[in-house]
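Step one of this worksheet: look at the structure below.
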Ligand SMILES: CC(C)(COP(=O)(O)OP(=O)(O)OC[C@H]1O[C@@H](n2cnc3c(N)ncnc32)[C@H](O)[C@@H]1OP(=O)(O)O)[C@@H](O)C(=O)NCCC(=O)NCCS
């Protein structure tokens, strides 16, 4: 019998040790723990117990997710781990159930996470709501076009200066882009803790004198020469982002620039004289979203101009979400009308921020069509002008 309860603060470190060992990593040192402990939110660190012994853990942090036309309170789920001698016995299932209950009680219509493996979370109703790509460029060949955006200046910062400045700059960087989440103070201190001593920071200042973008990067020396690995790069507009890329591609002694977790619509190839020099080496799932309260989550976003569509949602884990919803530009209601489309709550998550057109999920066999005219309407309702992107690990 597995019991799940919120851990007391005195038990937090045990939870982190258990999680780290589940990921086959060593537990944090005292110094690392001192930096990270602030990331654990009292009341939101869950422990699963078997006969009084801690055998699994999962935690969440209160956050807000940008959705088309607004923001929705969201529980940012992380540090999910089950002790190796207790896996495949339903410990995760028990933790997820308790966590959904807690997320709902806090009035968060959405839970979200980054998954270590793609096969774990869909069964609980999570779906891939944003994706990202990894790009790799040979510095000598990646030459910017003259008509690529240009302006402002870039300066490098010490880590201490960056620590003070970056939280403020992040606030200016595309705060309304669907998929974007907030970075509270403890996130910054915790994240610096994860990054190595060699990490460098560059900040872009716009022509108006305001700092409006930054890049966090790290030189890596290997058999293929020296690479700059970009951990984090964001800007308030295309000029800030282009100028940061120009800077990175101009650093002496560097052979390659490799950037992880970039937005799919970053126009890097359009800025280059030879677009093939922007090599996309991976496209992967980024943010997984779970609509824990489907009605509230659907109501939190806006919809494009189209006829309303009645959608039947299935939800085996939280069955009170199941039923028909009339979704239109004027809002969302529960409906007793005949459904035109049908889908599982995990598929709905893939539509939620506009990552996938409805028609793609129809082709994938993940949306059933009962009224063919509803597909084009649903594409227009859910479609967004901006490709969603999270870009923040947690
Ligand atoms: C992944 C992990 C949390 C799963 O915990 P668990 O207690 O073994 O999971 P459960 O027994 O509750 O399994 C629930 C379901 O998920 C499936 N499942 C769980 N982990 C899976 C995995 N890694 N691959 C495929 N299926 C998995 C189970 O087979 C089970 O399926 P069912 O509903 O059809 O019976 C645990 O194995 C673990 O800690 N792994 C290492 C750390 C890790 O990857 N953490 C995830 C961080 S995002």
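Backbone N, Cα and C define each Cβ position, glycine as well.
Taken from TrEMBL as is:
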- 121: active site, proton donor (ACT_SITE)
- 394: active site, proton acceptor (ACT_SITE)
- 80, 81, 82, 88, 89, 90, 91, 92, 93, 116, 117: acetyl-CoA binding site (BINDING)
- 2-149: domain 'N-acetyltransferase' (DOMAIN)
- Query: Fewest other CB within 10 angstroms, which one of the active-site residues 121, 394?
  - Reply: 394
- Task: Could you list the residues of the same chain, at least six apart in sequence, whose Cβ is under 8 A from the Cβ of residue 80 (acetyl-CoA binding site)?
- Result: 19, 57, 58, 92, 95, 113
- Query: How big is the Cα-to-Cα gap, in Å, between the residue listed as 'active site, proton acceptor' and residue 121 (active site, proton donor)?
  - Reply: 16
- Measure between the Cα atoms of every pair in 80, 81, 82, 88, 89, 90, 91, 92, 93, 116, 117, the residues the record assigns to acetyl-CoA, and report the largest value in Å, rounded to a whole number. 19
- Query: Where does residue 93 (acetyl-CoA binding site) sit in DSSP terms: helix, strand, or coil?
  - Reply: helix
- Message: What does the structure give for the C-alpha distance between residue 93 (acetyl-CoA binding site) and the residue listed as 'active site, proton donor'? Integer Å is fine.
- Response: 10
- Note: in the chain of residue 91 (acetyl-CoA binding site), residues six or more apart in sequence with C-beta under 8 angstroms of its C-beta are 2, 48, 50, 55, 56, 82
- Task: Select, from 80, 82, 93, 121, 394, each of the recorded positions with a Cβ positioned under 6 A from at least one atom of ligand 1; if none does, say none.
- Result: 80, 82, 93
- Query: Taking every residue in the domain 'N-acetyltransferase' (2-149), what is their average pLDDT?
  - Reply: 97
- Students should find that the Cα atoms of residue 89 (acetyl-CoA binding site) and residue 121 (active site, proton donor) sit apart, in Å rounded to an integer, by 16
- Message: Test of understanding: give the count of other CB atoms lying within 10 angstroms of the CB of residue 82 (acetyl-CoA binding site).
- Response: 23
- Query: Reduced to three states, what secondary structure does DSSP give residue 82 (acetyl-CoA binding site)?
  - Reply: strand
- Message: Going by DSSP assignments with H, G and I as helix and E and B as strand, what are the residue counts for the domain 'N-acetyltransferase' (2-149)?
- Response: 45 helix, 54 strand, 49 coil
